[in-house]
Amino acid sequence: MRGQRSLLLGPARLCLRLLLLLGYRRRCPPLLRGLVQRWRYGKVCLRSLLYNSFGGSDTAVDAAFEPVYWLVDNVIRWFGVVFVVLVIVLTGSIVAIAYLCVLPLILRTYSVPRLCWHFFYSHWNLILIVFHYYQAITTPPGYPPQGRNDIATVSICKKCIYPKPARTHHCSICNRCVLKMDHHCRILSLFSRFTPRALHRVHRPWLNNCVGHYNHRYFFSFCFFMTLGCVYCSYGSWDLFREAYAAIEKMKQLDKNKLQAIANQTYHQTPPPTFSFRERITHKSLVYLWFLCSSVALALGALTMWHAVLISRGETSIERHINKKERRRLQAKGRVFRNPYNYGCLDNWKVFLGVDTGRHWLTRVLLPSSHLPHGNGMSWDPPPWVTAHSASVMAV
């Protein structure tokens, strides 16, 4: 584009220089002088329209995927409520199968101490899952105040045209800036490899909320305890699953034999069914429980581990891409990038979970707690109990 523009403006520049040499030296008339000034002004306006300091490969990728972004913003976001209902229905079905199918079986086989342990652990895990999921979908992520000039900002949002504090990013689905934005959801995780802006549009439909400063802990805790619950159900029901799967295979063989018997005998000679309706439903429910819990444990466990790594580094999903780009840029100059929000692995977890004292690991992590996170999401001074903190390059 620049080559074509220079090719078109080349003859015009030559004529302008000739006019300047001939006109200004011979005291050109005011009309010609006015034309020259208008030409200069028009050239400045044209350059201002074509100039973009934010141009680059990221802008090109964003422009290429703009139709996909539009689809996400206007179509997929309406599926959020449907997916939330689906999560509730699937979780409720697992709980119902555990009470109606699994509990009667283990009451006849497990000892009393083992039953007590399963009773307390399963209900503790279920309460934490329900609590953190409810808090994650109902707690606002936090938004920067508008109309205030006394907040520390690092840039101006190109969408909102408002001051943007550190770690704040614009969510195109919420259509506003979010404090310490991590993501909105993740149905298009493929595009998160390209640009940080793509992460703003990534959608996790089973949450239907933007994850930011005030509900990031609820989101991670839900993922963690849901993974624990799925692993617990999958591992605990392994023997029941094997027996149920063998019974289903036997039922299929018996049904096949019945069809052959019906074809060769009269209807009054058909043998009665070996398995009752309740037994059939129980076996199929146990197989459904094991497959669903195992698949969710694998998928959600991988996502939880990835977020745990980010939390250990003091980063969010968006900051991971920004810091990676900044690290490469400084490395090319022989410098080292240091994340200003990384206080060390243990201190990062304390800040994230809101653990100030030793007993908070019990009252704020292992028990339901609605305490607020550290800070207000606009200033990021380290807590007083952080052991060490080195000032470094600011990540935005």
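Heads up, the Cβ atoms here are built off N, Cα and C, so glycines get one too.
According to TrEMBL, the features are:
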type: TRANSMEM; residues: 75-103; note: transmembrane segment
type: TRANSMEM; residues: 115-134; note: transmembrane segment
type: DOMAIN; residues: 155-188; note: domain 'Palmitoyltransferase DHHC'
type: DOMAIN; residues: 203-321; note: domain 'Palmitoyltransferase DHHC'
type: TRANSMEM; residues: 218-241; note: transmembrane segment
type: TRANSMEM; residues: 286-309; note: transmembrane segment
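Remark: secondary structure over the domain 'Palmitoyltransferase DHHC' (203-321) totals 93 helix, 2 strand, 24 coil, with classes taken from DSSP. The DSSP breakdown of the domain 'Palmitoyltransferase DHHC' (155-188), given as helix, strand and coil counts, is 0 helix, 12 strand, 22 coil.
Residues belonging to the domain 'Palmitoyltransferase DHHC' (155-188) score a mean pLDDT of 79 in the model.
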